[in-house]
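Engineer: So TrEMBL has the following annotated:
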type     : residues                                                          : note
REGION   : 1-24                                                              : region 'Disordered'
DOMAIN   : 25-403                                                            : domain 'FMN hydroxy acid dehydrogenase'
BINDING  : 104-106, SER133, GLN154, THR182, LYS277, SER299, 332-336, 355-356 : FMN binding site
BINDING  : TYR156, ARG191, HIS301, ARG304                                    : glyoxylate binding site
ACT_SITE : HIS301                                                            : active site, proton acceptor
Amino acid sequence: MTDTVAKPDSSGNTAPPSAFPWHRSRASKARNIANLREAARKRLPRGIFDFIDGGAEDEVTLQANSAAFGRHRLMPRVLVDVSKPDLRSTILGSGRGLPFAIGPTGGMGFVWPRGDLALARAAADADIPFALSTTSSVSIEDLRERIDGPLWFQSYIFRQCDFTEKLIRRADAADYEALIITVDLPVGGNRERDYRNDFAVPFRLTGRNVLDFALHPEWVYTTLRRGYPRFGNMEDFVPSHDSSTVASTVGRNYDPSFSWDGLKRIRDLWPRKLVVKGVVHPGDAAALADLGADAIVVSNHGGRQLDGAPATLDALAAVKAAVSGRADVLLDGGVRRGSDVFKALALGADAVMIGRATLYGLAAAGQFGAERAVSILRQELTRTMQLCGATSIDSIDAQYLMP
């Protein structure tokens, strides 16, 4: 039987536990991301699953993100030698194995112990970037010590400017290749699933939640028996390191006054690639390119912030035109198939950022499940390229979409 107990490493920290054999079996049999989502739903308590699966309010934007891909039809070209499709891609000026990155997601310690490390290992194995969230379960330095692959760091903007700047300096010192500044979160979104589930940190021990935990003993065994997951980057912000204190403090301290002047200061402070995430308006995209952003992520926070915002795929073309080649344009939101990646590239994205797809894999079977999610997307993208007559990532453009 695969060992499920995390062993301390040389610094006393624990590695992510391996999945139980039955979870690995279920993940290995998954034919698509929807199968991994179902496996995640079965393994996680309802409140945890809805935390990663849900969106804001009526979830109109959450659903629109996925639906937008379905409105575009592929136009294949025939009699092309597609025996060796080339999936290599350039992201932020560096060659990568695939045209996507694993995006930043907070609170992954509740999904899988030290889940950020498991996701980063899956990304490194695939030669794609991994973006570490501010509210990750491992610290900036801890992750860099264990991962040789490309790492990006995502920072929220807090009222305490000195803390935000310290995070940025730590990422630079740890040799992270890029800094992501999330700009669509001046305040937290209204995620009603969380309220319905009484989901909060620390967990509220209501009758519903106690029953929910009791029905998911394997999750309790691998997660709660280690204590509440820690937030590795927050020791200077909340010295107690207690997750309940961290969660409430972070939520109260997003900076709603952050504006262009603040972003300009960050651009001056950060000497490497700067990525700005959370943009759907072409006017903002043009201004960001003028400011010196190296990349813009067309994103609505996975439908978790402003419900009623446009689907990211619908916003992509206008953002791409506004940037006019002055910055790379990435997209996230609603990507569940390799064909979705293909469509985003055909509509002008330079790369795609994956969020929930790899989280479902992580929730289903840890690092093995995350690797399975990446493998599924790779296989689907390869097949889509071959069936469309596209020989390389660079060759994918609007000719493969029905006008």
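Including glycine, each Cβ sits where the backbone N, Cα and C put it.
Those TrEMBL annotations? Automatic predictions, nothing curated.
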Engineer: Of all the Cα pairs drawn from TYR156, ARG191, HIS301, ARG304, the residues the record ties to glyoxylate, which distance is largest, in Å?
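Structural biologist: This binding site's residues have a maximal Cα-Cα distance of 18 Å.
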Engineer: Using Cα coordinates, what distance in whole Å links ARG191 (glyoxylate binding site) and GLY334 (FMN binding site)?
Structural biologist: 17
Engineer: Looking only at the domain 'FMN hydroxy acid dehydrogenase' (25-403), what is the mean pLDDT?
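Structural biologist: Averaged over the domain 'FMN hydroxy acid dehydrogenase' (25-403), per-residue pLDDT gives 93.
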Engineer: Which is it, of LYS277, HIS301, GLY334: the one of these binding-site residues whose Cβ has the most other Cβ atoms within 10 Å?
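Structural biologist: Per the Cβ count within 10 Å, the most buried is GLY334.
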Engineer: What three-state class does DSSP give ARG336 (FMN binding site)?
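Structural biologist: Coil, per DSSP.
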Engineer: Around GLN154 (FMN binding site), how many other C-beta atoms are within 10 angstroms of its C-beta?
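Structural biologist: Total other Cβ atoms inside 10 Å, all chains included: 25.
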Engineer: Cα of GLN154 (FMN binding site) to Cα of HIS301 (glyoxylate binding site): how many Å, rounded?
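Structural biologist: Each residue's Cα considered, GLN154 (FMN binding site) and HIS301 (glyoxylate binding site) end up 13 Å apart.
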Engineer: Determine the minimum-neighbour residue: among PRO104, GLY106, listed as binding-site residues, which Cβ has the fewest other Cβ atoms within 10 angstroms?
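Structural biologist: So among PRO104, GLY106, the binding-site residues given, the one with the fewest Cβ atoms within 10 Å is GLY106.
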Engineer: Tell me the Cβ contacts of ASP332 (FMN binding site) under 8 Å, same chain only and six or more apart in sequence, or just say none.
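Structural biologist: In sequence order, GLY103, LYS277, VAL297, VAL298, SER299, GLY302, THR312, VAL352, MET353, ILE354, GLY355 meet the Cβ cut-off.
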